[in-house]
C-alpha cells in the first residue's frame, strides 16, 4: 500500500560528546508523501535533519536516498552541498536563512546556481554574453516566477528579502528550496510563528507541492493542526528514540506518544517499538 | 647543550611577555568575539609609559631602583588600563551589534591612530634604556652545563606567574569572574539576568590593557630599546599565542605564549633570525587549519 | 532645561580630565635622546591643549545632540538615490577622468597624483570582489600587489619581456598565488581568515626583504623598464630600433607625454576592473559571491560549493592586484619591500569598507578622500596617517556599513536590471 520509499534511515546514531542526540533510529519516508517528524523539544528532530542534509555526519547508520531512476545514494558520507546537488535534497531552516540583502528574485536565482553555472561555463559564456547563457537565465526566471506565483510573492519580487514580513520570508524559503528542483524537501518547523490564516495557506501549499510535483516532504512541526491536517505519515521521536510511527490517526491514539508529550511519572519513561 | 638550554630560558622569558599580551586578546575575544586589533598598541603604549615613568621616579626617588620600578609598574598599569577603557568606550562599544566587520575596521583605525600618535608625540627614533636590573645567578647543572639566568628573567617569570594565578583566581572565584563567564556564554541572557554587561566588557578591556602594560614594561627592561612600531608584530605574535592555546582560555594563552617564545628563540638560534616571524605565522596558520580550537579551547559546534 | 546644564559642563569637564590624564605621560613628557642617555622634557602646555580641545569638543557635541532632541529635529536622511543618478554619476566621473589631463588646470603634478589615486581605486575595486562581494576579510591584499610588481620587474629584467607581455603574466602569477594561499585558509571563519591573510601578507614581505639573490632585499629593484605604446617609446632618446612617441606624432618631446600615457594606462586598467565587476555581479558566480556573504549555510543547502566560489573571488581579486602591481612597478621604475607593508593593505581595505562594501562609486569617493586629499597635504605628512586612523574610526562610528551602502538588485522581474 505504501508508495516506494524515497529516504531510508537505518540505525542512525548521532552523538555530541557523551550525549546521544539520536540513537539507533530507523524509519522511511515515501515518495509523494508528507512525513511529519514530531516529538517534544530536544527529541533530536533538527539533529536528524542536519544528518540528512549533511550538516552533521552521523557516527553510525545509513541514510539512503532512492532516485526515481533506480539509483540510490548513501547520504551519510556526502558533504552538505553535494547532498543538495546530487541527491537533490533541499531544506529550510528553523531560524529562516535567506540572503537578506538580496532581492526576492535573486534569492530564487541563486538557488538555481548549478544549472546556470553549467549553462554559462563557469560564467565565461555569460561574461561574453553568449545566447546559451541568456536562454538559461530566462528559463531560471520562469521557474522563479512559477514559484513566486505559487507562494503569492510575485509582487515582492524586486524587494529585499530581509525586509519581507515574517510569514512571507517563510514562504520565500520554501520557494527557494523548490527552485533547486528537489526530490526530497525537508522543512524545519515551517509553520512556526505563522498566524492561523497563514498556516492554513501553508497547508495548501505543501499539499500542492506533494500532489503536483510528486516529491517527498519531510517536516518537523509542533503545530498539530498542520501535522494532523496534511501529513500522510507521522514519526514520533523522544530523547533520540523512535517511539511511534504510523498514520496521524494511529499516532494520535498511541499511549506512548501521549506519555512522551504529557509525561506520566508512574510509568517507565522509555517505550519503544510501537509500529503502526 | 648549554647553548640550547640558554635559548630555552630566553625563549621562555620572551614567551612570558607574549603570554601576558595574549591574555588580553583571549579575554576580549572570549567575551565579545572580537579581535582587538589595537591590543598590541596598548602594549606599545605600556612600554613608553613605563619608560617615562621609570625615568621620572628614578630622578625623584632618591636612588632606590626597586622602588622606582615598582612605582613605574603601578603607574603603567593604571595608565594603560585607562587607555584600554577609553578605546573600548569610544571605538568599540558604539559598534556592538553593527555589521561584523565594523568593529574590526575601527580597531585597525585605532591601531594606526595610536601608532602615529606616539610617533608624533615621542619621535620615530628608537628609545634606548641602559640595563636597570643587572646580574643574575648561575645554575650548575653538572655535566659541564652552567646556565645563567638574570635577575630580570626571574622577575619576569615571577611577575607573570603571580598575575596569571591572580587572574585565574578572579575568573574562577569572584562575582566579577562569574559575570564575565556568563556574558561570554550569552550576552543577552546575562543582561536580562541583571549582569551589567557594559561594565563587564569594560572591566575585561581594563584588565587586558593593564596586563599588556606590564608586558610593555617587561620588554622595555628586557631589551632596553623600544619604538612606536613594536606593538604590531608583538600583537600578532600574542594573538597567535592566544589561538594556539585555544582562544578564550587563560592558561591556554599563557602556554601558547611560552610556546611561541620558545619557537622564536630556538628558530633564531638554529635556523635563521630573518625568518623568525615567518615561523610564528606558520604556526598560526597551521593551528588554525588543523586544530582551530587550539590546545585548550572547546571545539565549536556549528549551529544550523 | 536650566537645571540640566550643570551635567553638561560636568560631562565635558570629566572628558577633559580624562583627556588630560591620557595625554599626561605621552604628550606631557617627551623623551629626549642625548649623548648621555635619555632625559625628559616637560610639555605641560600640550596636555592643557588636549584637555581644552576635548572640553570644547565634548560640549559642542552634547549641545548639538541636545539641540536636536529639544527641537525634535530629525537630521535629514537622504533617500537612496534613484538608479539613474548612480548610473549618471558613474558616467560623469568616467568622462571627467578621460578629459582630466587636457583641462587647463591639470599640470603634471595633478596628473601624477590622479594616477596614484587611480591605482588605489583599481586596488579597491579588486579587493571589493573579495571583501565587498564575497564577504571574505582579506588583510593581506598587498601581498598580491607585491607579487604583481615583482613578477613584472623580474620578468622584464631577466628575460627582457615587454610590459604588455608581462602584464597578463603578472596577473596570472598573482591569481595563482591567490589560489595557493586561498585553498588552505578559505574555510576559516571570517576574523581568523583576516589574521591569517595578514600573516601571509607579512610573510611575503619578509621573504622579499630577505631573499637577496632574487629580490635585491631591502634595496629592491631599480631601473625597471618603462612601458611603450605599441612600440613607441616615451624616452627622450628612444632605444635602437624604436621610434619615439613624440617623433611619431610630430610633437616636440616632453616628459609630460609619459605621465599622461601612464595616467591613461591606469585609467584603462581601472575601468576594465570596474566593467568586469559590474558584469560578473550579474552572473552566477557573482550572485553566489553575494549569497555566500549573506549566508554560507544557506548556500551549502542549495548545492553551492563554498570553497570553489570563495577561491574564484580570491583569485580574481588577486589577479587585479597583480595588474595594479605591475603598473606600479612600471610607473615607479623602482620597487622595494617598503611599498608593500601592512599599512597599504589597511589603506585598501579602508577604501573598500568606507566606500560601503560592494559599491563601486563609493570606492572612488573613499579613494579620493583617503588617498587624494592627503596627497595635497604632503607637508603635513606626519599627521597624515594619524588623521587616516582617526577617519577610519570616525566613519565606522558614523556609518558602520560604509558611505554608500545601498545595493541595487542584479536582476528584476519586470525588466532586466
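Yeah, the Cβs are placed from backbone N, Cα and C, and that goes for glycine too.
If you check TrEMBL, you get these features:
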- C:12-32: transmembrane segment (TRANSMEM)
- C:84-105: transmembrane segment (TRANSMEM)
- C:117-147: transmembrane segment (TRANSMEM)
- C:159-183: transmembrane segment (TRANSMEM)
- C:190-208: transmembrane segment (TRANSMEM)
- C:260-278: transmembrane segment (TRANSMEM)
- C:309-328: transmembrane segment (TRANSMEM)
- C:348-370: transmembrane segment (TRANSMEM)
- C:382-398: transmembrane segment (TRANSMEM)
Cβ pairs under 8 Å between the transmembrane segment (C:260-278) and the transmembrane segment (C:309-328), at least three: yes
Touch test for the transmembrane segment (C:348-370) and the transmembrane segment (C:84-105), at least 3 Cβ pairs under 8 Å: yes
Contact set, same chain, for the transmembrane segment (C:117-147): CB under 8 Å, 6 or more residues outside the stretch: 97, 170, 173-174, 177-178, 181, 186, 190-191, 193-195, 197-205, 208, 263, 266-267, 269-270, 273-274, 277, 280-281, 286, 289-290, 292-294, 309-310, 313-314, 316-325, 327-328, 331, 337, 339-342, 344-349, 351-353, 355, 357-360, 363-364, 366-368, 370-372, 375
Positions whose Cβ lies under 8 angstroms from the transmembrane segment (C:12-32), at least six residues beyond its ends: 38-44, 46-48, 50-56, 58-59, 62
Residues of the parent chain within Cβ reach of the transmembrane segment (C:382-398), under 8 Å, 6 or more residues beyond its termini: 343, 347, 350, 353-354, 369-370, 374
